[in-house]
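Read through the structure below, which is laid out as structure tokens, and then see the notes.
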Amino acid sequence: MWSASTVCSLCIKEEDSPVYEGGGLGKMAGSKVKQDMPPPGGYSAFDYKRNLPKRGLSGYSMFGIGIGIMAIGYWRIFSWNRERRRLLIEELEARIALMPLIQAEHDRRTLRMLRENLEEESIIMKDVPGWKVGESVFHTDRWVPPLSDELFSLRPREQYLHKRFGFLWYV
Amino acid sequence: IMPLVDIQSWLGINIDRWMLLQSGEQPYKQAARCHAFEKEWVECSHGIGQIRAKKECQLEFEDFFECMYRKKTRQRMHAIREQRDKLIKEGKYTPPAHHTGQPDQNP
């Protein structure tokens, strides 16, 4: 039976309630209720404030580094371009030095091909009426450098193409 | 007013006079292929009017035109080639060896 001597664990004892004693809030529950409370003494301190540390280079110095790298790049490019110009001039001078020889060879070849073409033409067009062999299409009698068209016209086409396009690297 | 007021020489600038003639001043002094013909034609027809120039400089103009377009040259080439093919078909003509690809690169 319910006797007065039993301790009611859920009851609020009068002597412990804050209303009667004015005790602290920590004693609010007063009774032995198992709650999840912070450890005695509270937690240790931690920083909750904003942490935006000033780090790295400043903006000015980053600009400076960028501009410095660009300047070094410019200087290298300019000096190499000057060097390339010197090399180009050397190559042009070499071409000038060799020009008589190469021009002479080229001229001999041209003349030989013209002569051969003339003979061929005279053989081929023997029976065609009214054809003047070796007639020039111009009214003047200046030397007109012949086109590679004319020189190679009686030869297989690939020789002509080689002459015209053989040294091209681009399309 | 353009031909009467020469703005470019009044201002001393050269916007497009450099590209009007093939015989003008070229970069790297590279002459045009028909430089001589054009020069002849221009010198022939300078100073006289257009009507007289068309009559008197006919030969020079024809040469210049021929140099640029090579119509007559091509006609001749075509005629010769046709005749040659005809003769080959009839069997009367064989092209000499150096015309058929054997390398005979003379100087």
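Any Cβ shown, glycine's included, is placed from N, Cα and C.
Worth saying up front: this structure is predicted, and the values here are computed from it rather than measured.
Looking at the candidates B:C34, B:C44, TrEMBL gives B:C34 as the cysteine bonded to B:C67 by a disulfide. Here the Cα atom of B:C34 (disulfide bond) is found 15 Å from that of B:C44 (disulfide bond).
In sequence order, the disulfide-bonded residues near chain A, meaning those of B:C34, B:C44, B:C57, B:C67 whose CB lies under 8 Å from a CB of that chain, are B:C67. You'll find the Cα of B:C57 (disulfide bond) roughly 15 Å from the Cα of B:C67 (disulfide bond).
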